[in-house]
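Here's what TrEMBL has on this protein:
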- 127-138: compositional bias 'Basic residues' (COMPBIAS)
- 82-145: region 'Disordered' (REGION)
- 348-369: transmembrane segment (TRANSMEM)
- 412-437: transmembrane segment (TRANSMEM)
- 449-470: transmembrane segment (TRANSMEM)
- 482-506: transmembrane segment (TRANSMEM)
- 557-580: transmembrane segment (TRANSMEM)
- 649-670: transmembrane segment (TRANSMEM)
- 676-699: transmembrane segment (TRANSMEM)
- 758-782: transmembrane segment (TRANSMEM)
- 829-848: transmembrane segment (TRANSMEM)
- 877-893: transmembrane segment (TRANSMEM)
- 905-929: transmembrane segment (TRANSMEM)
């Protein structure tokens with residue numbers, strides 16, 4: 001046998017078909033070949049199967065996690081990923097008809113290739129292409145074997161287990177060639193890669209299908225962080241001052257925990273590591289192989305826990321579960337307001353149903369809109385790119401030189417993170433004047449005009465300097481926002497806040513000179529903060545006579561302009577989306593209807609997108625400068641995701657129907673005074689605006705809120721019902737906000753190649769667990785924190801956010817929008833912002849639709865109008881310095897040092913955000929909360945508090961005993 005193989009090696013094949021036959025004989029007859037080794041391993045597995053007497057409890061649990069054999073990895077081409085990775089076959093429909101079709105097609109391919117091999121007539125070009133790929137694959141495998149020996153062949157690297165007997169080996173060889181020919185290229189920059197440089201810089205164009213996903217480790221860490229994050233954030237949301245634990249912390253903390261899990265439960269260097277069924281790794285010395293006794297007890301449990309190795313896909317799932325659970329549920333504020341402000345008794349059942357229905361309805365919207373917001377390549381979701389870059393930083397060891405910088409992303413991240421963490425002690429603790437760096441006002445602290453223009457606490461922030469990343473990134477990280485979108489925001493800031501606002505303020509428009517130029521409070525006709533308790537009866541109902549005796553409600557000029565901009569933003573959102581994306585949305589809508597009718601289980605390509613990249617066009621790269629039809633754009637990530645089974649549309653429809661039924665039961669059975677058609681109206685507002693809001697968020701990273709429009713609609717339709725107003729806003733606004741968050745997480749899963757069905761389970765389970773956790777913690781606090789939600793509460797548990805929402809429910813639910821925007825109201829002129837906002841995008845579209853290189857095409861009115869809704873509580877400083885940093889990084893550095901920008905920008909953003917978060921937590925818990933900083937004062941802690949900027953001085957002062965505005969209303 002050895003001599004025959006040696007003769008085969010010395011005799012070169014004369015043609016391509018003989019080359020395949022020569023490779024097959026050499027591969028099959030060599031006793032040290034992969035096939036021979038695997039046949040022996042298969043025989044061992046058969047013996048082990050024959051001796052197996054029962055399947056233990058942990059084996060059944062492991063079956064829920066993974067259907068693939070533990071420890072031994074199999075090749076992606078054979079449809080089984082290891083350690084819980086899901087099947088990756090291109091066709092995911094498992095119907096009998098499709099299987100028969102596949103079998104017939106495969107039989108034809110085998111027959112054709114067998115005839116070609118026997119006759120020697122196989123196309124030279126085709127066989128060279130296929131054999132070259134085969135050689136490349138063998139070279140990679142050989143390299144791995146040289147490094148890792150049998151560990152590489154049967155452990156990490158792995159080769160498929162095949163029933164390779166003499167009669168079927170030729171068929172197996174032909175099938176393998178076909179599969180290799182049809183497999184996706186391992187190309188870091190394929191022809192259909194994303195046309196957006198920020199996506200290419202952060203997201204890999206290759207899917208490693210052998211990585212574990214659905215493992216006990218992933219579920220344990222996901223549930224752990226869902227419970228800890230949701231309970232901690234709810235606890236501190238009821239306190240002032242508060243602190244929030246962000247998902248970025250989970251992104252960083254979970255990585256060492258995953259590595260520690262691997263180290264504790266694995267013996268990765270043990271050459272005799274066990275399978276969960278008791279068998280051992282195969283050895284080259286087959287003469288001494290034997291079957292060990294089956295593992296029992298803790299040993300078997302350890303093997304079940306140690307499935308797979310910690311990797312970026314499991315990390316992504318844990319982070320996504322943290323992202324959907326860390327934010328405290330808005331429904332908890334409603335419960336606080338009902339129980340402690342309106343003195344209503346609410347049961348635990350009501351609390352659970354309210355929080356579950358409001359949280360999960362958003363997921364239904366996200367799933368139903370994924371064809372528009374997740375799959376298209378043009379929906380980039382800039383916020384998710386930071387997370388994707390972090391996964392690459394933490395799990396990859398690749399390093400390229402970028403403009404002379406050789407430092408790895410991980411080292412760069414650690415240096416920036418440590419620097420940001422340590423530096424925060426200056427503006428956050430020792431020298432807070434660096435945060436509120438209104439240095440111009442320090443020279444004239446009593447000058448109201450200087451404070452109005454250059455102040456950073458209650459001014460317009462015309463001097464954009466601060467040394468606190470919390471101030472810079474208050475409205476979102478500037479490193480993640482496209483420069484053109486930031487310029488839209490700056491345009492609105494300059495026009496509205498820096499030009500119109502000062503003119504209107506000093507002209508005393510709407511009596512605004514008697515109030516601060518910028519404040520989040522509302523005022524009465526004496527210039528003091530409005531006392532809502534004066535217009536309520538003891539039963540918290542609207543007292544109209546008391547209202548007429550007290551005062552109308554007045555708003556600062558920036559608050560007035562903010563309302564006008566939000567009205568214009570909502571109207572422009574619809575017309576802008578219809579003009580620029582209407583055709584694409586209609587195409588995808590028709591595609592969605594077909595999906596509902598056919599209940600397609602595969603992750604379908606987009607309408608008009610190619611099923612795959614043809615071989616003859618693989619060298620022709622997509623036009624990355626074309627920004628039209630971005631909803632129909634398919635990139636490599638959508639193509640790679642087609643190998644996984646999709647989460648059926650019926651899952652999301654069923655979720656919506658069930659949660660809708662729960663919501664109707666809540667509003668009809670419990671005393672919230674909101675009829676069932678009011679709930680339908682709230683969800684109708686969310687439905688109409690969800691896709692336009694999602695498109696703007698996915699493209700620009702700017703979120704348009706429907707909070708205000710929900711308050712206004714409910715106040716107009718159901719006046720005098722404050723609790724109904726709160727519940728209406730919760731179902732309308734939170735369904736939208738949660739749905740946008742869920743869509744962003746679906747996009748992150750899309751980028752990281754997480755199977756949709758696993759992602760559905762991860763998000764749903766995390767949402768349910770975090771919701772139940774928050775209800776339990778909330779009721780524990782009600783029972784154990786003395787005087788909670790009152791000024792006498794210990795440790796500052798005065799429920800500040802719930803108090804603000806309570807005031808809003810009084811203003812809009814009790815006083816009502818008619819008193820603000822009615823025919824005789826002070827701010828009735830703002831109603832005209834709706835038609836102006838609706839018409840403006842149409843004019844721009846008519847002008848720029850045929851001018852593809854015109855600068856007007858970069859104007860995005862929903863962003864220009866909607867982003868300034870952050871003012872108040874954000875100030876002009878938060879916008880001006882944010883735009884300056886965005887200009888430096890996303891324009892100057894991107895243009896002059898693009899490799900550096902591509903390699904480090906997203907990592908820099910993640911490091912600054914996480915360093916700030918850790919610094920904030922350490923400062924609060926380590927110094928402020930224990931009271932260690934009481935009495936610590938010096939010039940750097942007091943200088944910014946001495947002037948009119950900090951004290952919010954008005955331009956005009958109401959004389960004692962007088963008032964402004966009308967005497968009757």
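Any Cβ shown, glycine's included, is placed from N, Cα and C.
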Checking 348-369, 449-470, 482-506, 758-782, 829-848 against the transmembrane segment (905-929) for Cβ pairs under 8 Å, the most are found for 449-470
>> Is it true that the transmembrane segment (649-670) and the transmembrane segment (829-848) have 3 or more CB pairs under 8 Å, sequence gap of 6 or more?
In response: no
Is the transmembrane segment (449-470) in contact with the transmembrane segment (758-782), using at least 3 Cβ pairs under 8 Å (sequence separation of 6 or more) as the test? no
For the transmembrane segment (676-699) against the transmembrane segment (557-580), do we get 3 or more Cβ-Cβ pairs below 8 Å once near-sequence pairs (under 6 apart) are dropped?
yes
Long-range CB partners for the transmembrane segment (412-437) (under 8 A, at least six residues beyond its ends), listed in sequence order, are 390, 393, 456-457, 465-471, 904, 907-908, 910-912, 914-916, 918-920, 922-923, 927-928, 933, 939-941, 943-944, 949-950
Q.
Using a threshold of three or more Cβ pairs below 8 Å, and leaving out pairs closer than 6 in sequence, do the transmembrane segment (877-893) and the transmembrane segment (449-470) count as in contact?
A. yes
Stretch winning on C-beta pairs under 8 A with the transmembrane segment (557-580) (pool: 348-369, 482-506, 829-848, 877-893) is 829-848
